[in-house]
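**Student:** First the structure, then my questions, so here it is.
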Amino acid sequence: MAMENQVLTPHVYWAQRHRELYLRVELSDVQNPAISITENVLHFKAQGHGAKGDNVYEFHLEFLDLVKPEPVYKLTQRQVNITVQKKVSQWWERLTKQEKRPLFLAPDFDRWLDESDAEMELRAKEEERLNKLRLESEGSPETLTNLRKGYLFMYNLVQFLGFSWIFVNLTVRFCILGKESFYDTFHTVADMMYFCQMLAVVETINAAIGVTTSPVLPSLIQLLGRNFILFIIFGTMEEMQNKAVVFFVFYLWSAIEIFRYSFYMLTCIDMDWKVLTWLRYTLWIPLYPLGCLAEAVSVIQSIPIFNETGRFSFTLPYPVKIKVRFSFFLQIYLIMIFLGLYINFRHLYKQRRRRYGQKKKKIH
């Protein structure tokens, strides 16, 4: 008799967002389940095939905070998916009012997000909603989206071709001439590098005005840092243009960008090449630090040259009359190089973690 009166409970997995709760009930072949919410308690009862075979399963959950009494559910062959709306948009520390978690309840790691990740998702949805409203007020969303994608495709294509030309040119010259090719790199590819780096201003503008969703700060840091090296360190000092470090700076820059711009280009036409995606989100790990190291070496090599020529140095007006050497600012810039590396590295790491996920945390 005890077995007949025993209530069978299914395995239930849950996750949340700020506005919703998601429950996944592990029951297959369910038809017409009884699901309701009364006095903030979810009641579930259904005939189905679960851990104890084909039986009637039921459970009750009293929520931690107030919810709307209209649950929405969807039946699949293997499970019952239930969505419950919170009355107040906020993050809950747990699902149930009782502190001890019921034995049949566990986190749904397939849908689980930390609070910070959920906030990012919420902001992204809100931004998407606002952009949709803005586009609807300005014109046909489909037309504007296609124009935007076409514009971004052409921009990324031009940058990809430019950096590919630099990369291939340097590679072929190195294969033919060996180390001798290091010393005339600037005179060989500088014009194309000038073009690509000046065009990169567009990328920062796109982020600033909302054409792309990229954050402005990492893009601006890279733009200013590279153009400082290109136009000030290399461009104004002929003594620097024949040094081997120019080859390594240009080669590392182009190696990073050919994968980045080709990935963005295919994204504009909704193509996802897994190998390229992996390269775009992985190669920066060794290449960005190496690129910053090469930039730092070029700054260090330029300091005695700037000291000797006195270029960009100046004397403070009377009564101070102290000569301020440009090398003083270069030493400060060396620190800023690695600060910028940290900011960009952190940004790229977050992008990679969002793309490929992270190790699941044990959650009570």
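Positions of Cβ are set from backbone N, Cα and C atoms, glycine also.
Just so it is clear, the model here is predicted, and its values are computed rather than measured.
Annotations for this protein, taken from TrEMBL, read as follows:
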{"type": "DOMAIN", "residues": "7-96", "note": "domain 'CS'"}
{"type": "TRANSMEM", "residues": "152-172", "note": "transmembrane segment"}
{"type": "TRANSMEM", "residues": "243-263", "note": "transmembrane segment"}
{"type": "TRANSMEM", "residues": "283-306", "note": "transmembrane segment"}
{"type": "TRANSMEM", "residues": "326-345", "note": "transmembrane segment"}
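Burial and contacts for the listed features, if you can.
**Tutor:** For the transmembrane segment (283-306), same-chain residues at least 6 beyond its ends with a Cβ under 8 Å from one of its own Cβ atoms are 225-226, 229, 233-234, 237, 239-240, 243, 245-246, 248-249, 252-253, 255-256, 259, 312-313, 325-327, 330-331, 333-334, 337-338, 340-341, 344-345, 348.
Cβ atoms under 8 Å from those of the transmembrane segment (326-345) belong to residues 217-218, 221-222, 225, 228, 288-289, 292, 295-296, 299-300, 302-304, 306-307, 311-313 of the same chain, restricted to positions at least 6 beyond its ends.
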**Student:** Take the transmembrane segment (243-263) and find every residue of the same chain, 6 or more past its ends, with a Cβ under 8 Å from one of its Cβ atoms.
**Tutor:** 156-157, 159-160, 163-164, 166-167, 170, 174, 179, 181-183, 185-186, 189, 193, 196, 226, 229, 234, 276-277, 279-280, 283-284, 287-288, 290-291, 294-295, 297-298, 301
